[in-house]
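Annotated in Swiss-Prot:
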type     : residues                    : note
ACT_SITE : E25                         : active site, proton donor
ACT_SITE : K160                        : active site, nucleophile
BINDING  : K87, V107, S141, A142, D143 : substrate binding site
BINDING  : D139                        : Mn(2+) binding site
Amino acid sequence: MNAYLDISPEVQTALAAGEPVVALESTIISHGMPWPQNAETALQVEQIVRDNGAVPATIAIIKGRLKVGLSKEEIEYLGKAGLNVTKASRRDIPFIIARGGDGATTVASTMILAAMAGVKVFATGGIGGVHRGAQETFDISADLQELAHTNVAVICAGAKSILDLGLTREYLETHGVPLVGYQTSTLPAFYTRDSDFDVDYQLDTPEQIAQALQAKWEMGLQGGVVIANPIPEAYAMDRGKIDAAISAALAEMDDKGVSGKDSTPFLLAKVAEITGGDSLKANIQLVFNNAALAARIAASYYA
């Protein structure tokens with residue numbers, strides 16, 4: 001076992017017994033919303049995973065230890081620390097460990113820690129991707145590279161709509177990462193149920209998705225799978241309204257010179273401000289929806 005890794009007793013017991021486990025990321029706790037809403041939301045997501053037949057494993061770095069499965073107290077610790085917690089992707093993990101620090105895991109680093117522990121299914125809000133204007137900036141999320149070679153299925157509401165969805169899709173295709181639509185043939189765009197882009201495959205049941213994952217990994221085809229699960233109709237936002245908010249947020253980001261790992265939190269916060277908090281409510285609901293589907297996929301995978 002990895003000397004830096006702490007797997008919670010509940011998660012360890014489930015993994016040893018071949019029971020379904022769902023990984024959850026921690027950036028949404030530290031960077032996604034303020035205290036105490038962040039911790040409350042994270043605990044609700046864990047409960048939704050349990051209600052749908054799996055064990056939740058929220059993942060983070062706390063005091064220099066890689067944690068797979070957090071206690072309520074650890075979730076609250078991250079929630080209170082908020083933006084003081086380092087947003088940790090692949091490159092950051094060894095340095096946070098070396099200084100005994102705290103890290104909130106992105107999609108990429110959550111996948112890494114999940115794979116270390118043997119967790120195959122991960123629920124998040126949306127994956128990172130190719131940023132708009134990347135042909136000049138080369139700003140491409142490390143999430144995509146992780147998906148290319150780490151064997152974890154990521155259930156999300158598509159790529160965050162602040163990104164260039166077309167280029168994100170092309171990048172995934174280049175790296176052989178399947179883009180699966182759950183009960184949809186078009187790629188959902190986070191706050192909205194559809195976009196101008198198709199998925200590679202539409203699968204309509206958790207069982208079909210689990211069978212495809214088993215076939216992929218049993219054949220030794222390395223890499224993740226993106227399972228795009230549209231936001232529930234009742235919480236989906238108007239496409240025109242959200243596009244206008246994103247355009248305004250992007251313009252302000254350029255004016256202020258925000259870039260790199262700060263760009264996504266800035267844009268999400270600005271879009272929430274412009275939409276009067278509607279985008280944050282939508283974000284929470286799509287995470288709940290993804291957690292439920294991920295638990296059902298994990299239950300089928302381990303059935």
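The first residue you see is number 1, and the count goes up from there.
A Cβ is built for glycine as well, from the same backbone N, Cα and C atoms used for every other residue.
Shown on the structure are the features that Swiss-Prot records.
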| residue | record | Cβ within 10 Å |
| --- | --- | --- |
| E25 | active site, proton donor | 28 |
| K87 | substrate binding site | 19 |
| V107 | substrate binding site | 28 |
| D139 | Mn(2+) binding site | 19 |
| S141 | substrate binding site | 26 |
| A142 | substrate binding site | 17 |
| D143 | substrate binding site | 28 |
| K160 | active site, nucleophile | 26 |
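Report note: the substrate site is defined by K87, V107, S141, A142, D143, and the residues of the same chain whose CB lies within 8 Å of the CB centroid of those residues, excluding them, are S89, T106, A108, S109, I127, G128, E146. The two recorded residues A142 (substrate binding site) and E25 (active site, proton donor) have their Cα atoms spaced 15 Å from each other. K87 (substrate binding site) falls within a strand segment according to DSSP. Of all Cα pairs drawn from K87, V107, S141, A142, D143, which the record names as binding substrate, the longest spans 13 Å. E25 (active site, proton donor) has V107 nearby among the binding-site residues K87, V107, D139, D143, counting only those with a Cα within 10 angstroms of its own Cα.
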